[in-house]
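Listed features, source TrEMBL:
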TRANSMEM  B:6-25  transmembrane segment
DOMAIN    B:65-112  domain 'NADH-Ubiquinone oxidoreductase (complex I) chain 5 N-terminal'
TRANSMEM  B:109-127  transmembrane segment
DOMAIN    B:129-423  domain 'NADH:quinone oxidoreductase/Mrp antiporter transmembrane'
TRANSMEM  B:133-154  transmembrane segment
TRANSMEM  B:166-188  transmembrane segment
TRANSMEM  B:208-233  transmembrane segment
TRANSMEM  B:332-362  transmembrane segment
TRANSMEM  B:473-492  transmembrane segment
TRANSMEM  B:630-649  transmembrane segment
DOMAIN    B:638-702  domain 'MrpA C-terminal/MbhD'
TRANSMEM  B:656-673  transmembrane segment
TRANSMEM  B:679-700  transmembrane segment
TRANSMEM  B:712-734  transmembrane segment
DOMAIN    B:716-792  domain 'MrpA C-terminal/MbhE'
TRANSMEM  B:773-791  transmembrane segment
């Protein structure tokens, strides 16, 4: 975009990007027990990609992440709606969640919850929506 | 979910698979994948005959929205079963026919068969549902699939016109029907058709009864192309011929007849019902057959003929309603009209289906449907000629075909009308047989035109684009089957009497048949020298005379000027509607987002202000307040300062940064009020939206300071102050007045117990209010796609210009 020297921003981005994305994944998984969840996690991830966009330009970013974000929206919606429909197949009302606790090596007592699947959908939709909008507007120059 | 539910939904499921099948097996005609389904369904429904012929009904229930009384209840009785068999039976033949009619190289078969399956499933749903809302949903789906099928060749202007016309008219009727359903619900408190019929006796006293009746009839008349809503059907003939044979003659247009038959036990106690159904039906019969004679397009003739035959069935159902007013029905003097209606329904499907397919063959093999260019095809297409001969003679009402039998019963029904002695039928009833007879004469004439102009006379090869020859076997088999049925039903009507007709009658006139008993359906060829016989002879004689002298009297068609026709009325009102609405929209949509914001905020102030005053909710109570802390004061100061500074910012960049400052400070507010989820969300949202702003920043024009007049800005100030004041008052009042118990305790109690989570905010999002979240992400997705579409479309347009 601008022909300024942004070497500092680019170097910092290279490092922080992974930290932010890891943190957003942490936020996503911890959502059921601590602040976080699919919505915040998704926003945080898109924030990371936006940072990448600011540091580099849109062409470089599409080369690094050749993702069709519109398809991501669809995939996310399928995840969420699919989780809901799963309950129907089990004979429960739409969107009834199920959960159980299992003991895993290293991790100890862990909960398995269909809400995570639903939240995955939210996570993907949020990234998809944010990036579709930003990418479209950015490309239209 | 029972097998019956699966049977109804199966076409819709298969429709979802068709695009994949089409792509995976491009060498195989997609129709072959379809064909087994309707055949399977047909044999599945056949086995119910043994049940319904003993007067039993089968009901299966699946909960959908039980709290609103909306359930996926399906019920098989005589009437529903008859239609289900027609839909699947004719459906199988039409699919087979379409495999040879539509070439797999040239046509987009995946779309065609998806639409066709959508229609099949929707139609099965209409005739088998016992819940009015369910019926309505399927009803509208049939309109939509019909729209898509008429517009299948969407590059043709006439196809698009016809599709739009049918859609506007049938969906208008559908909406009216929804109104009728709701009115009926207000009277009975149930959406179930069976339950409504059970309490039908108490309904006529209600003042909603007549409006509901009219609404339902609007739905039925538009769907079944009754006068004056018939204008959409001739234009629907732009659809591929298999579609015309299936939707616009055998099944969908009969949905209106189904509705009238289904609701007869509810509404037939009213004289208005009787007069409207019978009267509109008989007018349609006459007008349809009269207009058919002037057509020169083979499909045009068939379209008007369908209109006329639908009118005939409709009028029979109307007269049949008289039967509900008399207890003694053993003589069958009034029920004969209903028998004729049901019988003719079956007959019409057979002969009209075969005729449509024959016309499709002619069109396919000669390249034209114009009778002025056709002629002498008898020797070239002997099999098609035979099929058409059987079809037209049956339609004209000649023995020994099935059309003769139902036509005679039709005359009987009409002649009986004037003897009823109720609802002024004794005075005006004589009109029914007279109009019926006149209509039948014209029916005879267009049948002759259809047959002789196409197949006899001189062969005109110079006017044809192709060398005509007989169609391939696959195209001939379906109409041959239908034509054989015409003869079989004509010679052995008893085959139908107790299997299909009397169970269907029991469903139309339930109060007249005792438990475990049957209507005594009696169909015969020879009644003795009765008026009916003389009417038929008269029809044939006058018909031949009119056919021979057609040229000398065809001038009467010019008596009605074209510009007063219903078609012109439709075109003009559509144009007027577009013009007025465009003018009206332009009045307030000026393209400036600030104007729209003014609308939105003014309405916001108005509606909230009125609600506050009306419910006397303004309250101010300082009793239960926390102390104001130091940090909060600072944050408020920052927010106020940055907001005010935005007004004085000289460049957009400054405004964006200041707006960001406001947002981040709000996030800090959430932090000190211990709402980490909100704080996090607000922070990230703020970041993303500020960068979005910066992106858009380049596209925006420079900020202009001197915009608009001062008066305009004063108005803005008022609105801004108003919004601020309203929001403040609402927050204060919301805090001060506790009208009901807060729901938060429920969440505190159940977050861990019921949902196995500890973060209440998130558990609400994904579990307790999961539905909201699902819809929110849907809205988000739609918004993103909308933005994508808008910007990409604008770019594409810019390139072409």
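Think of each number as a place in line: the chain as shown, counted from 1.
Glycine too: its Cβ is placed from the backbone N, Cα and C atoms.
TrEMBL: automatically predicted annotations, no manual curation.
The domain 'NADH:quinone oxidoreductase/Mrp antiporter transmembrane' (B:129-423) makes contact with the domain 'NADH-Ubiquinone oxidoreductase (complex I) chain 5 N-terminal' (B:65-112), as judged by at least three Cβ pairs under 8 Å among residues 6 or more apart in sequence. Tertiary neighbourhood of the transmembrane segment (B:712-734): same-chain residues 598, 601-602, 604-605, 608-609, 612, 617-620, selected by CB-CB distance under 8 Å and a gap of 6+ residues from either end. With a cut-off of 8 Å on Cβ pairs spaced 6 or more residues apart, the transmembrane segment (B:679-700) and the transmembrane segment (B:656-673) reach 3 or more such pairs and are scored as touching. Beyond its flanks by at least six residues, the transmembrane segment (B:656-673) meets 629, 631-632, 635, 638-639, 642-643, 645-646, 649, 679, 682-683, 685-686, 689-690, 693-694, 697 of its own chain at Cβ-Cβ distances under 8 Å. Taken as a whole, the domain 'MrpA C-terminal/MbhD' (B:638-702) shows an average pLDDT of 85 in this prediction. When DSSP labels each residue, the domain 'MrpA C-terminal/MbhE' (B:716-792) comes out as 65 helix, 0 strand, 12 coil, counted as helix, strand and coil in that order. Through the fold, the transmembrane segment (B:773-791) approaches residues 765-766 of its own chain, all at least 6 residues removed from its boundaries and within a Cβ separation under 8 Å.
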